C-alpha cells in the first residue's frame, strides 16, 4: 500500500496530525518555531529538511555564538589575501602569480566508528567535493586520526577500516596523501576521530561560490543517483506507525553511513573542471551532509530570490523513496549547479562526455520561497533562509569544571626522572617503541604520496609541500596538528599550541604561513564543562591567529564525541597553509644533505613536561600546565627559516614537539639515513634538554660554510641559537648511530627496528 504524500495542502488541513519530531532530534520549542514560521504544521518533507538543517552538525546552533569571535578578531589586513572565508564551502586565499589555494578540514567521526571503511572513505569524498565546489582542482589530502588505546580490542577493527577507507578512496581519486597524525588514547575508544583535509588550487578568476541567482536559471543535479544511504533517522517519516521493513514505504531502519564510489567522484572532478573552464556555471554546491535539503536551501538562501524544484525528476537508485527520503539522502558523488538556460545544452553535453548523469530538476525564481513539488503537488514551501541560515542559536551554559583545579595541580614534579646515560637511553627506546611515538609507516605506506607528480615533501616531513606552477616553481605547504592532552590541561593554551605547531611545521619547509583552517572536536555541548573547553579553545585559536597575522578561513565543529558520559580529550585540529615562491628551496627533514653539517637548536628549552609524551608513556600521567606559548617567537622563527631557505643557509630542519629534541634528532637521522653526534652545552640538564616539549623550537642542520652567517642572522634577530652537534656518517663501514656524547649511543638500525615494528605487531 502506498503511503499518502503529505502535501502542504494536507498539512494546512490537518494541524493536529502527530509528527515524530523528537525522533528526528528537534526539541519541542524548535518544532513550535517551525509551525510559527510556516503558519501551519510542516509537511513530512519540510520536517525532514528542518530537522537535518537545524541539527548540530549543519546549523552550528551551540557553537555559533562562540565562532563569531573569529570574525571579530580578523583584521582588514588579515583579510587582504582572503578570497572566500567562513560560510563558504571552503576558505580560499591568494597565493600569488594569479593563483589561489583552497583548503578545509572536516570530521567524519561517528560514521567511522559504525562502519570504519565507508565512514572514512566518504569523509575523504565529502571534503574533496567541498574543494571542487570552489572551482578548484583538488591536489592533495591529509588526515588527523584518533583511536582508542592501541591494545584495546576494538581499535584494530576501527583502525584497519579507517586506514583502508582513506587509502582506497584517496588513491583511487589520484590524490596524494601528504601527511597527518595518528594518535592513540583511551578517551577515543568508541569515538574515533577521522578528520580529513583537502587542498585545491585554482586561478583566481575561476573562483566559484554557492548561490542561486537569476530568475529562470536552471537547477541541475549531476553525478550519482540518489539512494537510501545516509538517511538514518529521517526514515521514521516513511511510516505513519514508524514501523515496517526496508523494502518499501514502511521501512523503518535505513543505513546511516553513506557508501562512496571514488571512480564516480574522479570522473565528477574532471567533469566539473571542464564545466568551469567553459564558464557554464553560475553557482554550485556539493551534496554532502543533509543532501538536497542543504544544497537547495543554501543555494536559494545565498542567492537573490527563490527556487522551485520538481522532486520526481531526481534520478533514484531505490524504489518507492518518499520526498522526505530524497531530500535527506546523503548519497555521495553528487553536485548541484545553477546554469543559465542558454548554457544548459552545453552543460549537458560536457556531462555526457564524461558519462555523468545530469538532470534539470528546477529553476531559480523571484518568489523568495523554496518550493518543492512531487508529481505536481507541493510538498515544501518555505522561506529558504529559515532552513539554511536562521536556525536556532543557543547560548549554552559555560562553566569551568571543578575538577580542573585538581588536574592542573597534579604536575609531573613528583615523577621519577632518568639521569644516567643508561637510563636516558632506555627512556628514548621506551618512548620510540611506544604507540605514542613509533613510526607510522605501517599506516602511511597504504597511501600514495606521490601520485600526480607534484609532491615535493610528504610523510616524514613536518609539512607537505606541493608544486603549483611548473614554470615558476611556486608551491604550497600545509600541516595539520592537534594536542588533546594539552587542551585538556588548558583549552586556550592547547588550541594555541596546536596552531603554533602547525604554523612552525609549515615554516620549517621554507614556506611562509598565510592561512588557518580548523576542525573542533569536543564532547557534548549540553555539558557546561565541555562548552567551557570549547569556548576557551575558540578564543585561543582566534587570538593566536590574530597574533600571527593570518586569517582563519573556515572550519568545522564536531560535538557529541563521547561514549556514555565520558567525553574525548578536547581536540581542536588546526591546519595551516603556507606559500613558497620556488619549491626548489624547500627545506627537507633528513640530515646528511652535506657532509659534516652543524646541528643548531633554535629557541628556548625549559623544564616543561606536564602533558608530555614522556609523562604519558612512562607514568600514564596527565596533569599540570602545558608548555608556554610565545607566538611572537613563532613569527620570528618563521621569518628566520624563510630567510635561511631563501639564502641557502639551512640544509635540513625539523620542529620539536612530542618527545622533544631527541625524538627530532632520531627522526631526522632516520629520514636522512645518517648518524649524528649530539654535544650538550655545558651546564644543560641532559634529561630536560633531550626530552622537554617546550614549544617554539626547531632543530636545523647548517652547512659548515654557512654556520657563521646563520648564527649571525639569528643573533641579529634576537633568536636563541645553540650549537648542539654535528652530522656524523659514522666510521667507514660502520653502522651510523645517534650519539649523545658522554651519555649513550644507539645505532640507526636499533632505532629503526624499535620504531617500525610496533604498529605491524599490533595491527599487522
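Keep in mind that glycine also has a Cβ here, set from the backbone N, Cα and C atoms.
Feature annotations, courtesy of Swiss-Prot:
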REGION    1-23  region 'Disordered'
ACT_SITE  57  active site
BINDING   60, 104, 518, 555  ATP binding site
BINDING   106, 556  Mg(2+) 1 binding site
BINDING   107, 108, 109, 110, 129, 258, 330, 331, 332, 558  substrate binding site
ACT_SITE  108  active site, proton acceptor
BINDING   130, 286  Mg(2+) 2 binding site
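Overlay of Swiss-Prot annotations on the structure.
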residue: 60; record: ATP binding site; CB count, 10 Å: 18
residue: 104; record: ATP binding site; CB count, 10 Å: 26
residue: 107; record: substrate binding site; CB count, 10 Å: 26
residue: 109; record: substrate binding site; CB count, 10 Å: 23
residue: 129; record: substrate binding site; CB count, 10 Å: 26
residue: 286; record: Mg(2+) 2 binding site; CB count, 10 Å: 26
residue: 332; record: substrate binding site; CB count, 10 Å: 29
residue: 518; record: ATP binding site; CB count, 10 Å: 32
residue: 555; record: ATP binding site; CB count, 10 Å: 25
residue: 556; record: Mg(2+) 1 binding site; CB count, 10 Å: 20
Rounded inter-Cα distance in Å - residue 57 (active site), residue 556 (Mg(2+) 1 binding site) | 9
Among 130, 286, 555, which are recorded as binding-site residues, the nearest neighbour of residue 109 (substrate binding site) by Cα | 555
Indicate whether residue 555 (ATP binding site) is helix, strand or coil by DSSP.
-> strand
Compare the C-alpha of residue 332 (substrate binding site) with the C-alpha of each of the binding-site residues 60, 106, 130, 518, and give the closest one.
-> 130
Going by Cα-Cα distance, pick out whichever of the binding-site residues 130, 286, 518, 556 is nearest to residue 107 (substrate binding site).
-> 556
Residue 286 (Mg(2+) 2 binding site) to residue 129 (substrate binding site) - Cα separation in whole Å = 6
Site diameter for substrate, Å, by largest Cα distance between 107, 108, 109, 110, 129, 258, 330, 331, 332, 558 = 21
Taking the Cα atoms as reference points, how far is residue 130 (Mg(2+) 2 binding site) from residue 556 (Mg(2+) 1 binding site) in Å?
-> 12
Distance between residue 104 (ATP binding site) and residue 556 (Mg(2+) 1 binding site) at the Cα atoms, whole Å?
-> 8
Can you tell which of 130, 330 has the least company, meaning the fewest other C-beta atoms within 10 angstroms of its C-beta, among these binding-site residues?
-> 130
Can you see whether DSSP assigns residue 60 (ATP binding site) to helix, strand or coil?
-> coil
Can you tell me which binding-site residues out of 60, 129, 330, 518 are within 10 A of residue 556 (Mg(2+) 1 binding site) by Cα, answering none if there aren't any?
-> 60, 518
Separation of alpha carbons, residue 330 (substrate binding site) and residue 108 (active site, proton acceptor) (Å) | 13
